[in-house]
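According to TrEMBL:
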- A:6-318: domain 'Phosphofructokinase' (DOMAIN)
- A:G12: diphosphate binding site (BINDING)
- A:N107: Mg(2+) binding site (BINDING)
- A:D108: site 'Important for catalytic activity and substrate specificity' (SITE)
- A:K131: site 'Important for catalytic activity' (SITE)
- A:T132, A:I133, A:D134, A:M176, A:G177, A:R178, A:E233, A:Y292, A:M293, A:P294, A:R295: substrate binding site (BINDING)
- A:D134: active site, proton acceptor (ACT_SITE)
There are 2 protein chains.
Amino acid sequence: MSETFVIAQGGGPTAVINQTVVGAVIELRKRYPGARVLGSRHGVRGIRDGDYVDLSDMHEEQLRLIGRTPGAALGSTRDKPDQAYCEAVLKGLHKAGADAFIYIGGNDTSGTQQILTDAAAGKIAFVHAPKTIDNDLVENDHTPGFISAAEFVASAFMSVDLDFRALPGIYVGIVMGRHAGFLTAAAAAWRKDEDNGPHLVYVPERAFSVERFIDDVKATLARHRRCVVAVSEGISTADGRSLVESVVAADKLERDAFGNVKLSGSDLTAALEQALAEGLPGKRARVDALGYMPRGFVGSINPVDSQEAFDAGVFAVTVASEGGGSVALQHENGKTMFRKVPLAAVAGKTRHMPDDFLQAGSNQLSEAATAYLKRLVPEKYEIGEPFV
Amino acid sequence: MSETFVIAQGGGPTAVINQTVVGAVIELRKRYPGARVLGSRHGVRGIRDGDYVDLSDMHEEQLRLIGRTPGAALGSTRDKPDQAYCEAVLKGLHKAGADAFIYIGGNDTSGTQQILTDAAAGKIAFVHAPKTIDNDLVENDHTPGFISAAEFVASAFMSVDLDFRALPGIYVGIVMGRHAGFLTAAAAAWRKDEDNGPHLVYVPERAFSVERFIDDVKATLARHRRCVVAVSEGISTADGRSLVESVVAADKLERDAFGNVKLSGSDLTAALEQALAEGLPGKRARVDALGYMPRGFVGSINPVDSQEAFDAGVFAVTVASEGGGSVALQHENGKTMFRKVPLAAVAGKTRHMPDDFLQAGSNQLSEAATAYLKRLVPEKYEIGEPFV
C-alpha cells in the first residue's frame, strides 16, 4: 500500500503560508509517486473531523496559483488541543492511514506536534514547518511570512512619514506583536537618516512608560517638527502588565481561548490617543492600528519570502522521511539554510529581539538591528527628498 | 521681464500629487523658457510668508524622482484663508511678481482660488488642479489620487477577506471619506462573486442604523460563515449626525479648524466594536481603521493615476495661459480628457456617489458602481480559490 501524508495550517494566515503547502505537496508527489496527500481543513480540526481536501492529483498549475495567494487556503484554527483533542487527532490520523503529518505554524503548532509525537510512539512522523509574521521562533534566523509582513510595515511607515512631512503632527502606528518586537522594528528598516520616521520604536522587549513616551515625543517634535512612532500591540509597563491591562478595567478586558488579553481592540488606540491629548494638548495626533493588513497584503508579497516558504515545505518532506522534527531557517555564510531541529527545541518557546537590537536607554534601533532588517528587507523604492 | 509662476499643494497628500507639480513645472519650463517657477511651501501659507523653493532650474531627473514619491513634497496646509489671509496671499503673489498661481487640491482649494480671482481683478491667473482620494469633485469623472488609494483599499479588502476565510469571524474596515463613499466602495472593486468580501458596504450617502447593521452582519454570517464589512468614517445616522456624534458625548467631540467633527479617532472603532459585542455576543470580531495608509502607500502607486496626475499639471499650464479656471478629468469615448471648467463650478461643492451606485434597499454595490470601479481600478492580482 502506498504512503499517506497529511498537511495542515495553524494560527494566523500570512502572505506566503500557502507556498509551504504547495512546496510540500509538489515534493511529496515527486518523491512518493502514487502517494495520497491530504490537506486537512482548519488545522488539526479537519483531522479530528475527517474533513480533508485531496491534493494527490490536483493540477500543478492550480497548486502554484494557490501558492501565490495570501491567506491559508486549507483554512486555519486557533484550537489549542488538550489531551482528549490530541487523542481524537491521533485517531483521525490512524483512520486516514497517515504515515506523516506536516503542520505549518508557529510555536504552538510545534507544541502540538511534540505532544502528538509522544502519544503516537513512533508510528507517524510529525513535522513542524515554520510560519509566523512575528518572527518569534527560536532556532530560526527568521520565519516564512515575516519578510513580506515586514516589507508592508516598512512601506507603510515610509509612506506615513512622507505624509507627516507635508502636514506635521504626531503619528502612532500600532503593529501586531504580543511578545516580540521584530515586526514593529521593521517600521524603521528603510530609514535613511535620523530625520526619517519612525523616530521612535516601542517594542514588548522594553518596559513602556507613558511619561517617558510623552517626553520622547516632545523631544522628537522639537527636533523634527513631526513625530512618527511605531508601537507593538504587546507593549507592557514595568510591572509586566500589557499597556491595555494597565489602562482598561479588569472586568472589561477581553480574553481569547488561551486566556491571553485581546490586544487588537480599540483600547490601546484609545489609551495612546488619551496619553497624547493629555501630555501634548492641542497637538495634531493620529493613532492608527495597522491591524491585519501587514500579515497578508496581496500587494506586498516578497519574492524571497515566497521562495523560502516554498522551500520550507520541500524540506519538511525530508524531515518527514527522517522521522519528524521542526524545520528551521538558519543563516549560514550569507545564505538561508534549512535545518532539522527537534520539535521540543521550538515548542512553546518565544524568541525575543536580541538585547543589542535597541540602543541602550533609548527607543532607537541599534546598528545590529538595522543591519539584520536591511539584510532581510532590502529597500524597495527610490524616494525623492521633499522640499520641506 | 520674464514670467513668474507660483505652484502649491493643499489638503491631504496623496500617492501622486507630486506628479501634478512636476507635470506643471516641466510644462512651464518648456513653454516659457527662462520663467521663474516657485514652489510655495505648505500651500498658500508659503505665499503669505514668502517661503518658496525655486524650481526654475532644478534638474529634470530630480523632479521626476519627486514625482514618483508619495506625499506632498512642497508641504501642504489645512489653512482655510479668510478675507485677511487672502489679502496677505494676494500681497505675497504681487510681491513675487506672479503671473499665475497653480494650486493643487480639492474643493476647498478651488474655493480659495475663486476668492483670490475675485480679489485680484484679473491681474493673475488662478488655476485649480484637482487632487483628492475622496473622488468628490464635481465636473470630474474621477480625481488624481483616487485610483491609487482605491487600489490600496481593494487590495486590503481582498487580502483581509482571504484571511477571514481561513479563520472565520467578522471584520470591519473603516475607510477615509467624510461625505463621499467612493473610496469605501472601492473595497468591493475586485469581488468576483457574492461569497467574496466585502459582503457589506456602508457609505455616507445612505443613513446608517446600528440595528440594520447587526441584522446585515447576522444574515451574512449565516450565508458565508464570515462577514467582511467596509465602512466610511463619515457614515451618519438618519438624523443627519455622523455615527461618531451619535455615540460620543457632545463635550468629548474633537473638532478641527473648520468645525468638522474629528472622525479619525478611536471613537468610531470603539462604537462599532461595542455594537458588534452587544448585537453578536461572543462572535470573533475585529474593527480596524485603515487610516492614512490608502492615501499615500508607496507600494500601491497606480501608473495610470500617476500619468493622469502628471497630465493634470501639464494641462493646468494651458488653463493658466487662458486666464485661469479649474482642471477637470472627464470621461469621453473611453478616454480621460482634460477640460477647463470655471472655478465656481467646483468650489465648495461635494460630488456624492450617484444614487444608482447602491442597490435599492441594500448595502451592496450596483452593477453601475462595479462597472465604474472596474474601469478605474482593474484587477491586479490573480488569486487562487481557497479550499475552505
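Glycine residues also receive a Cβ, built from the backbone N, Cα and C atoms like all the rest.
The model shown is predicted, which means the values in this text are computed figures rather than measured ones.
Features as recorded by TrEMBL, highlighted on the structure.
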residue: A:G12; record: diphosphate binding site; DSSP class: coil
residue: A:N107; record: Mg(2+) binding site; DSSP class: helix
residue: A:K131; record: site 'Important for catalytic activity'; DSSP class: coil
residue: A:G177; record: substrate binding site; DSSP class: coil
residue: A:E233; record: substrate binding site; DSSP class: coil
residue: A:M293; record: substrate binding site; DSSP class: helix
Fewest other C-beta atoms within 10 angstroms of its own C-beta: which of the binding-site residues A:N107, A:T132 fits that? A:N107
Roughly how many Å lie between the Cα atoms of A:T132 (substrate binding site) and the residue listed as 'Mg(2+) binding site', rounded to a whole value? 9
What Cα-Cα separation, expressed in whole Å, is found between A:K131 (site 'Important for catalytic activity') and A:G177 (substrate binding site)? 14
For the binding-site residues A:N107, A:T132, A:G177, A:E233, A:R295, return the ones with C-beta distance to chain B below 8 angstroms, or 'none'. A:R295
A:R295 (substrate binding site) to A:N107 (Mg(2+) binding site): how many Å between their Cα atoms? 17
Mind looking up the mean pLDDT for the domain 'Phosphofructokinase' (A:6-318) in the predicted model? 94
Write down the Cα-Cα distance for A:N107 (Mg(2+) binding site) and A:E233 (substrate binding site), rounded and given in Å. 19
Note down the number of other Cβ atoms within 10 Å of the Cβ of A:G177 (substrate binding site), including every protein chain shown. 28
Return the residues near A:D108 (site 'Important for catalytic activity and substrate specificity') by Cβ distance under 8 Å, restricted to its own chain and a separation of at least 6 in sequence. A:G10, A:G11, A:K80, A:G348
Among A:D134, A:E233, the one of these binding-site residues whose Cβ has the fewest neighbouring Cβ atoms within 10 Å: A:E233
Which has the fewest other CB atoms in a 10 Å radius around its CB: A:K131, A:R295, the listed recorded positions? A:R295
Could you tell me the C-alpha distance between the residue listed as 'Mg(2+) binding site' and A:D134 (substrate binding site) in angstrom, no decimals? 11
Of the binding-site residues listed (A:G12, A:M293), the greatest number of other CB atoms within 10 A surrounds the CB of A:M293
Among A:T132, A:I133, A:D134, A:M176, A:G177, A:R178, A:E233, A:Y292, A:M293, A:P294, A:R295, listed as contacts of substrate, what is the widest Cα spread in Å, to the nearest whole number? 16
Integer Å distance between the CA atoms belonging to A:G177 (substrate binding site) and A:G12 (diphosphate binding site): 12
